[in-house]
Amino acid sequence: PAPAEAGRAPGPPDGGWGWVVLFGAFVSIGFAYAFPKGLAIFFKEIQDFFGTSYSEIAWVSSIMLATTYGAGPISSILVNRYGSRPVVMFGGLLCGVGMISAAFCTSILQLYVCVGFITGFGLALNLQPSVIIIGKYFLKRRPIANGLAMAGSPVMLCTLAPLNQFLFDNFGWRGSFLILGGILLNCCVAGALFRPIGPGTATVKTQVTEESKNARKGTITEDGPMENKTEEEEEGKDCFEKINQYLDFSLFKHRGFLIYLIGNVLMFLGFFAPIVFLAPYAKHTGIDEYSAAFLLSILAIVDMVARPATGIIANSRWVRPRIQYFFSFAIAFNGACHLLCPLASSYTGLAVYSGFFGLAFGMVCAMLFETLMDLVGAARFTSAVGLVTIAECCTILLGPPIGGILIDTFGDYKYMFIKCGTVMVLAGTFLFIMNYYNYRMLAKEGKERKKKEEDPQSVRTENEGKKTWNKDSTQSGPELEPLREEGEGVKKEMNGT
């Protein structure tokens with residue numbers, strides 16, 4: 001770059017190599033979401049081989065999902081420290097090692113470790129960096145890019161389901177795990193496509209801060225005393241401050257982030273359970289096994305189309321300025337589908353329900369990360385997604401077991417669907433009301449800030465930090481935060497503060 005722009009982070013190109021990065025994210029996200037669901041084909045033989053109950057073997061997928069979401073903060077810290085490319089490549093290596101090791105397991109506990117923890121942690125290192133790198137390469141087309149990348153989940157699910165069945169019929173579960181371990185190593189190839197777009201946001205912030213400090217003191221960073229002082233300051237930092245460099249806990253003071261977090265934690269109580277119990281519910285009503293399995297195929301096919309289509313709609317000039325409302329509607333629509341499911345007693349009714357469920361599910365998944373980035377900006381998105389996934393981990397684990405308890409207690413699946421539908425309608429309503437409040441407050445704060453800036457008598461004092469915080473919270477381009485902070489540093493210098 002030119003010397004005048006050496007300290008600046010380049011803007012998102014919205015194309016070019018970004019489409020190659022998008023393909024890598026498509027593969028990586030597809031494996032992260034679809035792989036735990038595709039393993040269910042092997043559970044019956046593994047259960048018979050080790051002589052375990054169905055609940056014990058089901059913990060393999062539960063531990064994998066919990067580790068994938070629970071390791072979110074660790075993944076965020078590693079991305080902030082090393083970037084997306086090495087983290088995804090290391091995650092793909094862990095996935096391969098975990099599945100290959102699982103092929104030689106002699107007990108169910110060893111499967112918990114190899115498949116649940118090692119492979120689950122590898123998938124966590126694939127998921128979040130893939131979502132984060134999209135925000136670095138796309139800005140104007142970001143909703144479309146997110147929708148296309150998230151479509152990797154249904155595409156991979158449709159591919160892995162017949163592939164796993166073919167491997168199971170020809171090689172058994174041990175041979176299948178060996179082959180799947182080799183297939184998962186392709187995540188390393190996907191990660192290799194994640195070429196860094198430029199210096200990370202954290203690095204830019206540090207450079208701008210250091211430059212402004214040095215300008216005020218009239219020193220340069222190459223001085224010996226200055227370097228010694230910086231080292232002393234680093235040694236004096238406690239553990240929390242060092243962690244906060246890579247995981248921004250100040251997000252818990254961000255109004256929009258807190259609204260998103262509460263709504264999503266509530267939503268995940270009813271998000272995955274209907275998928276888990278859809279085929280068993282169809283069998284419970286007297287439908288044969290193959291027809292019941294085809295309901296999941298209907299859901300996946302509609303989901304595959306819904307995700308990129310939702311991204312295109314969300315990127316339109318009518319929807320994107322108020323994308324939070326669209327996200328709230330998608331969650332409430334999802335819940336309404338579950339509330340109406342018990343009315344579908346015939347196979348035709350369940351097929352129609354599967355189609356609408358796939359549409360609603362795809363809409364929510366396509367906007368899940370886009371709405372979070374819209375609230376906090378690309379600069380803080382890495383930390384935000386790590387903090388959100390660790391909070392969602394608990395409700396993801398509790399959702400299906402609570403549904404199973406309702407089925408065991410009442411002997412009917414309809415109460416499980418009613419529970420999931422009610423929870424998701426409440427979550428969608430909560431997000432709609434609170435986002436309306438958030439938009440009103442942002443507009444009010446923007447008017448007050450504009451009025452103060454136009455007043456020639458106003459002087460920037462300790463309220464500068466608060467005004468900067470409000471700027472970061474607005475919808476008008478939080479992705480430009482590093483450049484804005486650099487400009488503000490120059491203004492502070494001129495004012496002598």
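Residue positions begin at 1 at the first shown residue.
A Cβ is built for glycine as well, from the same backbone N, Cα and C atoms used for every other residue.
Feature annotations, courtesy of TrEMBL:
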type	residues	note
TRANSMEM	16-36	transmembrane segment
DOMAIN	18-439	domain 'Major facilitator superfamily (MFS) profile'
TRANSMEM	57-78	transmembrane segment
TRANSMEM	90-123	transmembrane segment
TRANSMEM	144-163	transmembrane segment
TRANSMEM	175-194	transmembrane segment
REGION	209-234	region 'Disordered'
TRANSMEM	257-278	transmembrane segment
TRANSMEM	290-313	transmembrane segment
TRANSMEM	325-345	transmembrane segment
TRANSMEM	351-369	transmembrane segment
TRANSMEM	381-403	transmembrane segment
TRANSMEM	415-437	transmembrane segment
REGION	446-497	region 'Disordered'
COMPBIAS	446-470	compositional bias 'Basic and acidic residues'
COMPBIAS	481-497	compositional bias 'Basic and acidic residues'
Legend entry - Paired segments the transmembrane segment (290-313) and the transmembrane segment (415-437) in contact, 3+ CB pairs under 8 A: no
Relative to the transmembrane segment (144-163), the stretch among 16-36, 57-78, 90-123, 351-369, 415-437 with the most Cβ pairs under 8 Å is 16-36
Of the listed stretches 90-123, 175-194, 351-369, the one with the highest count of C-beta pairs below 8 angstroms to the transmembrane segment (16-36) is 175-194
Per the Cβ filter (under 8 Å) with a sequence gap of at least 6 from its ends, the transmembrane segment (57-78) is approached by 32, 36-37, 39-40, 43, 46-47, 50, 87, 108, 111-112, 115-117, 119-121, 123-125, 127-129, 243, 246-247, 382-383, 385-390, 392-393, 396-397, 400
Given the transmembrane segment (175-194), its same-chain partners at Cβ distance under 8 Å and 6+ residues beyond its ends are 20-21, 23-25, 27-28, 31, 35, 42, 83-89, 91-93, 95-100, 102-103, 119, 122, 126, 129-130, 133, 164, 167-168
Query = Are there at least 3 C-beta pairs under 8 angstroms linking the transmembrane segment (257-278) and the transmembrane segment (351-369), leaving out pairs fewer than 6 apart in sequence?
reply = yes
If one takes Cβ-Cβ under 8 Å and requires six or more residues beyond its ends, the residues near the transmembrane segment (381-403) are 62, 65-66, 69-70, 72-77, 79-80, 128, 131-132, 135, 246-249, 251-252, 257, 260-261, 264-266, 268-273, 276-277, 369, 372-373, 375, 416, 419-420
Tertiary contacts of the transmembrane segment (257-278), defined by C-beta under 8 angstroms and 6+ residue spacing from its ends, are 37, 251, 295-296, 299, 328, 331, 334-335, 338, 341, 354, 357, 361, 364, 368, 371-372, 375-376, 384, 387-388, 391-392, 394-396, 398-400, 402-404, 407, 413, 416-417, 419-424, 426-428, 430-431, 434-435, 438
Per the Cβ filter (under 8 Å) with a sequence gap of at least 6 from its ends, the transmembrane segment (415-437) is approached by 256, 259-260, 262-264, 266-267, 269-271, 273-274, 277, 281, 324-325, 327-342, 399, 402-404, 406-407, 409
Long-range Cβ contacts under 8 Å made by the transmembrane segment (325-345), restricted to residues 6 or more beyond its ends, are 263, 267, 270-271, 274, 285, 310, 313-314, 319, 352-353, 356-357, 360-361, 363-364, 367, 371, 413-414, 417-418, 420-429, 431-432, 435-436
